[in-house]
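Among the features that TrEMBL reports, domain 'V-type proton ATPase subunit S1 luminal' is placed at 251-390. Taken from TrEMBL, the feature domain 'V-type proton ATPase subunit S1/VOA1 transmembrane' applies to 405-443. Among the features that TrEMBL reports, signal peptide is placed at 1-25. Per TrEMBL, transmembrane segment is recorded for 411-430.
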Amino acid sequence: MAAGAYFAPLSVLLVLVGPWRAASSQQVPVLLWSSQSSLWSSQPGTHGGHVTTDLQLGQYLDAALGSGPRNVLLFLQEKLSIEDFTAFGGVYGNKQDSAFPNLENIMESSPSSLVLPAVDWYAANILPTYLKEKLDVSPLHVDQSTLLELRLNESIPSLLVVRLPYSNSAGLMATKDILRANDEVIGQVLSTLKSEGVPYTALLTALRPSRVNRENDFAVGSFGRQLLATETAKPTPTHPPLAFNKTQNVPCILFWASNITVFMGRELDLTAETFNDPDTGLTEDSECDNRNARLVLNYPNGIRIIFILKNDHYPVSAREWFTLRVEIHNGTLNSTFRAPQVSAPSIYSYHCEYVSTFPDYGHLLIRNTSEGSAAYNWRLSIIDFQIQAFNVTGMRFAYASDCAGFFSPGIWMGLITTLLFVFILTYGLHMVMSLKTMDRFDDPKGPSISVPQNE
C-alpha cells in the first residue's frame, strides 16, 4: 500500500470500524482518490476514534486541489455510515457478496487514496459550496448519460456532482441492492473518465448518517440482552448551523436550534425556513465585529428576529464575556426581550436546551415592560439554542457554556443524603468511644460488694 498508513483501501476501512462505532451517530465517512499520485503523503494520518472536523477536511482537500487535477468529481449519497461497509462489504473474504466491488478495486488501484472514517456530518453538507469557492466554478449535476456528452478540458476546472440514493426500506436486501446499484454508477462514471484520459480527483460521502447506534451499547449493566427491549434512536441533527459570513466563506456568527417557534396570536414554526432551505436574503442585514454582533433573520412573512450580542471586558474575571438581547419585529410593531442569565466567555459558544419567554421553560427571555400592549402577548420559544458570534473558526462551534447549573437537584439530594449518613456514622462512633469498662469486680472469697441505697 503506497504512501504509508495514510492511504487505506476499503478492506482496511472494515477493520477500522470498531474504534469509531461509539461515536458514529453524527459522522459520515469520506473517501477520496485521484488519478495523480502522492497527493496526501504529507498529511497526518487519522487514528482510532478521531473525528475529522471541517477545518481538517479542508486541509486534505487543499492538498489535492493545490497540486492535483482540477477536475473534481463528487459522489454525494443521501445517507451513508461506516457500518454500511461492515454490513454489506463482503467481510471474511466473501468478496463475491460485497456491495462495493468497484469501489474496493478503485481504492486499491488508485495512485492516491485516502479514507476518513468519521467526518462531522455538516462538513460533508458544505462540500459543494466549499469546492465551488475553491475551484471558482459552478457545480454541474450529472449522471452517466450526460457525462458521455461532456467534453472535459484538463486546463479548465470543473466540478461534477453525482447524486446517489439510499434505501428508505427497513429491509437489508433492499438497502444492499441500492448500494450495489450506486457502486455500479461509480464504476461506470469513472470508466468514462478513464476512457477519455481525463485526470480527476473524486470524493464519496453523504449528507447525513444512515445508522444511529443505541446509547446503552457501552453503559454499565448493558452487557446482558433485555427481553423485549426496544431500540431507542438517538436524535441526530437534521441541518447544519446557520452561518453569517462577513467576508466570503469566512463565518463570523454561528446559530443552531432544533426548533424556533413564534407566537403572535397563532403559532408560527420558523425552523424549516431558517435551516432547511434558507432564503438568500435571510441574514443580509446582519453584522459583526470584535465587540458587537447582530444576527438578523428576515422571513418572507415579514417577521424579523434579531439576536444582539455585546462583548465586554470584565476586570474581575480578567476576561471578555458576551451578553444577549433578542428583538422581534413585525412591520411597525416590535418586542424586545432581555436575557440577563445568558452570558458566556467570548471564546466559548452558549447553549441552552430552552431559551423561551415561557416560565415553564426557565423564562430566560424577559420582556421589556415599556412596550405597547399590541406586542405584549408575543412569545418566542427556541429549543436546543446555541449561538457563537466571537472567535468563530470555521463551521464548528467552540466549547459550549451551558445554561444548566453545576449543582442540579440530583446532586443536591446526593450531597444532603451523604451528609446525613456521615452525621449518623459520626454520632455512632462517638457513642462507641464513650463506653467505659468496669473497674471493680466481686471477689468470690471475700464479702460481696454492697451498694448502699439512700432511703
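Even glycines carry a Cβ here, placed using N, Cα and C.
Just so you know, TrEMBL annotations are computer predictions that nobody has curated.
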Query = Other than its close neighbours in sequence, what residues sit by the transmembrane segment (411-430), given a CB gap under 8 Å and a spacing of at least six beyond its ends?
reply = none
Mean of the pLDDT scores, which run from 0 to 100, over the domain 'V-type proton ATPase subunit S1 luminal' (251-390) = 84
Ask   = Tally of helix, strand and coil residues over the domain 'V-type proton ATPase subunit S1 luminal' (251-390) according to DSSP?
value = 9 helix, 80 strand, 51 coil
